């Protein structure tokens, strides 16, 4: 017997509410695949083109339209004209390679999709040098004139420093085979995965990463550095825009090209690309996507494990302490494993610790710490990766954060090939992008991992047994074993787990296409953290997801960054809050929220909210609200009893003295 049906027997269903509920469910992110992978396609007018029509052209256009309309004849047997076009394309594929767009056409396409590509150079050092060599007579000028000249010079230098380029855009994945000479098997795998129209990041990145000389062939007037051996690349794109596929396709294509140039067989594997991800879940996802693209190519995409042995070059180095600082507490275990392997080589009886053969790897996907433990080697020595030609940092802003920065820099130093190319990918980047890439400096963001299991214990009893009970709630944190984390990820993707409690770092980049809602139990420490959290519901431009943020009185000063991000995204989507278009952030709310200084924002990133860091009332408890209320009432009753006893002790002697002074009734 269904108790809900019995209780609602006398209630008549409302057909309007059913229709609204049905319409709402179809708009959820889990409703299906997005038919439109591109987020932007703004109309951009042609540059330098006359808008006034000529007399001859004005008369010619209708004739062309009439000719196009006259071709639609259902009784005409002639079909030679439409059949001639595909035959010409098939007979002369070389013409499609040479056919490139002009710089003006590239500019229009890139701007219509809101794409901007710039060259990052060493201009700041030149600026410092010129400022130091200024003559003393120039510094004695008036303050007003000095400010004007300095502002103009800085603006000119800034424009020269941020030189914008317009490479060839990728309009369809079919161009990879003909224009950029991608392997036929790789092109077939891309088509088998259903990729037809590229997203914005794929449109701008793939031509530069596959063949930069071809992509920049039509660029004029740009001081382009030497890119014959590849180029370092930094990409900032929204979550769910296909960044994983964008850096995997050039990595696999580069392995195939170098294998063909060197004449190696498919059985000969050389480690040529390393993909670094901050979490194991994201690394596992990258491996799965890479193996789909590498079917039939002979390229092996492998996930780094502790027992994996790579072909490295071991050199003596007295400065191996840099590796020890980045490896952390688990470095000792890696050293013990390496020492155990060396001892096992001399012992014939112990078969479990025998030296393992070299792993056959072309593309290695890893997290920073496990690779660094392998590279640490013995004391006084370090291991290098001289064959690596491509180093890829996924979620680069986290890997260059002080939380992972030492480990990431140590891995970069281990890749000693002179032509190694570094590519960084993320959905958010700091404002000082150049300093982030060159010096690997970013403010630390340390997080408390204790609230994650505590919140899981708090929520696991809220789902009734009829719906699955505590099995519908799962927790994911770095203290768990790798096998347990993989099982939870598989259960969540299969729909067995409804609520997943996790942290910022573990949720970054992992593709959860069917997530309909995100609950921020704690206010994000920055706008970038909110973008990554809310991006779970908007993968590849899906609409209908809900992101709910809880905040307390202590969080009010830091809510404005989140509100600004929401307001900017709604403005970009054409949603107006005051006009009744469904906006969630009102103007009065933005004006009422206090402004936060940069120093306070820095402290928030480094130390978090002060009230939660100190503990006490802000900590998450596993007790129910009824138990907390009962304990609170009991504590208040005990406090009231103690207060009454103190009052009696204070009032007792005074009352006795007053009674002793009374002399009775007078006669």
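Note: Cβ is positioned from N, Cα and C throughout, glycine not excepted.
Residues or ranges marked as region 'Disordered' by Swiss-Prot: 1-99 (among others).
According to Swiss-Prot, the compositional bias 'Acidic residues' annotation covers 59-71 (among others).
Under the heading compositional bias 'Low complexity', Swiss-Prot lists 77-86.
According to Swiss-Prot, the region 'Disordered' annotation covers 121-170 (among others).
For 128-137 (among others), the entry in Swiss-Prot reads compositional bias 'Basic and acidic residues'.
Look at Swiss-Prot and you will find 147-163 (among others) tagged as compositional bias 'Basic and acidic residues'.
Residues belonging to the motif 'Q motif' (175-203) score a mean pLDDT of 89 in the model. Per Swiss-Prot, motif 'Q motif' is recorded for 175-203.
Look at Swiss-Prot and you will find 224-447 tagged as domain 'Helicase ATP-binding'.
Summarising the environment of residue 244 (ATP binding site), the number of other Cβ atoms within 10 Å of its Cβ, over all protein chains shown, is 22. Summarising the annotation, Swiss-Prot assigns ATP binding site to 237, 238, 239, 240, 241, 242, 243, 244 and lists sequence analysis as the type of evidence.
As annotated by Swiss-Prot, region 'Disordered' applies to 318-355 (among others).
According to Swiss-Prot, the feature compositional bias 'Acidic residues' maps to 333-346 (among others).
What Swiss-Prot lists as motif 'DEAD box' is 394-397. Listed as Cβ neighbours of the motif 'DEAD box' (394-397) (distance under 8 Å, sequence separation of 6 or more from its ends, same chain) are residues 234, 243-244, 247, 275-278, 282, 286, 424-426, 428-430, 436, 442, 508-509, 528.
According to Swiss-Prot, the domain 'Helicase C-terminal' annotation covers 432-581.
What Swiss-Prot lists as region 'Disordered' is 608-667 (among others).
Per Swiss-Prot, the feature compositional bias 'Basic and acidic residues' maps to 625-634 (among others).
Swiss-Prot lists 658-667 (among others) with the feature compositional bias 'Acidic residues'.
Look at the motif 'Q motif' (175-203): DSSP puts its residues at 17 helix, 0 strand, 12 coil. Within the chain, the motif 'Q motif' (175-203) has long-range Cβ neighbours (under 8 A, six or more residues past its boundaries) at 37-40, 93, 96-97, 100, 109, 113-115, 168-169, 210-211, 214, 235, 237, 241-243, 245-246, 249, 252-253, 256, 292-297, 540.
Of all Cβ atoms in the protein chains displayed, 21 besides its own lie within 10 Å of the Cβ of residue 239 (ATP binding site). On its own chain, residue 243 (ATP binding site) has 201, 235, 237, 394, 425, 427 as residues at least 6 apart in sequence with a Cβ closer than 8 Å to its own Cβ. The binding-site residues 238, 240, 242 differ in how many other CB atoms lie within 10 Å of their CB, and the one with the most is 240.
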